[in-house]
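Each remark here refers to the structure printed beneath this line.
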Amino acid sequence: MKLLEDMIRENGTVLPGEVLKVDNFLNHQIDPNLMYELGGAFKRLFADAGVTRILTVESSGIAPAVMAGLQMDVPVVFARKHKSLTLVDNLYTATVYSYTKQVSNDISIDRRFIKPDDKVLIIDDFLANGQAVQGLMEIAAAAKVEVAGVGVVIEKSFQKGRQMLEDAGIHVEALARIASLENSQVTFVQD
Ligand code: 5GP
């Protein structure tokens, strides 16, 4: 998506460890007009998927997920992060290792917010090694609902997340695909 690639080129900075910082439009300050466009792109890409609900993880997945939910007219549920859980009876829970923070968090969704006949679209800000998406897929499996696909704003294609999801037969769409962050330069995958 050209609009998003331009924003990344103009505003993104590359941090050590091949981390892309995009905190002035996605991860801290949020550009609502851009988010709305991203939501429309997800709607087009998953138009035939029969999506009934969107799942994401707090906090940076929420903005694009809400805009996709608005455009697709489906509810959005974000998994909450917990350090430790004592009361798990009414929750679906998975453990996720965070690439950027290098810690494991439990994420959980209240059972009331996933219905048995749901077809869920998983949305997140970044796809790197696929841990966050994997956690949401575990929750979807525990809830016995179908995963219609995975939509991410930015995919770091040099990490293994997409391959892992495609190997599992998942429909993956990324609005920007980064081939490399070497030498602090952002290089996009050529279509
Ligand atoms: P994964 O679970 O796919 O390894 O990593 C995805 C999660 O880690 C995303 O939810 C995102 O919060 C964070 N993440 C991974 N790589 C980056 C990056 O380069 N920049 C930023 N800002 N977040 C990242």
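Including glycine, each Cβ sits where the backbone N, Cα and C put it.
The annotation xanthine binding site is assigned in TrEMBL to LEU20, ASN27, LYS156. In this structure, LYS156 (xanthine binding site) is part of a beta strand by DSSP. The Cβ neighbour count for LYS156 (xanthine binding site), using a 10 Å radius and every protein chain shown, is 24.
Every protein chain considered, the tally of other Cβ atoms within 10 Å of the Cβ of ALA132 (5-phospho-alpha-D-ribose 1-diphosphate binding site) stands at 28. Residues or ranges marked as 5-phospho-alpha-D-ribose 1-diphosphate binding site by TrEMBL: ALA128, ASN129, GLY130, GLN131, ALA132.
TrEMBL lists 41-157 with the feature domain 'Phosphoribosyltransferase'.
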Between LYS156 (xanthine binding site) and GLN131 (5-phospho-alpha-D-ribose 1-diphosphate binding site): CA-CA distance (Å): 13
Averaged pLDDT score, the domain 'Phosphoribosyltransferase' (41-157): 94
Those residues of the chain, 6+ apart, with a Cβ under 8 Å from that of ALA128 (5-phospho-alpha-D-ribose 1-diphosphate binding site): TYR99, LYS156, GLN159, GLY161
Pairwise CA distance, ASN129 (5-phospho-alpha-D-ribose 1-diphosphate binding site) versus LEU20 (xanthine binding site), rounded so that it is a whole Å: 14
Among the xanthine-binding set LEU20, ASN27, LYS156, as the record gives it, the longest Cα-Cα distance in Å: 16
Other CB atoms within 10 A, centred on LEU20 (xanthine binding site): 20
